[in-house]
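Copied over from Swiss-Prot:
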DISULFID  Cys9-Cys22  disulfide bond
DISULFID  Cys14-Cys27  disulfide bond
DISULFID  Cys21-Cys36  disulfide bond
DISULFID  Cys29-Cys34  disulfide bond
Amino acid sequence: GLWIKGNYCLRGRCLPGGRKCCNGRPCECFAKICSCKPKLIGKLSALKKHT
């Protein structure tokens, strides 16, 4: 799945204009289903992307 930070979720689906998912924590979105990820893991993932 892809790491999407600040994803919007509505009833477990990723939608624009929906409720902000996970209180600003990173989300993993797969098949329009959002999963919340711990902040630490999200930061590590982001660091790996920018390296």
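Glycine too: its Cβ is placed from the backbone N, Cα and C atoms.
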Count of other CB atoms lying within 10 Å of the CB belonging to Cys34 (disulfide bond): 23
Cβ packing number for Cys36 (disulfide bond), 10 Å threshold: 15
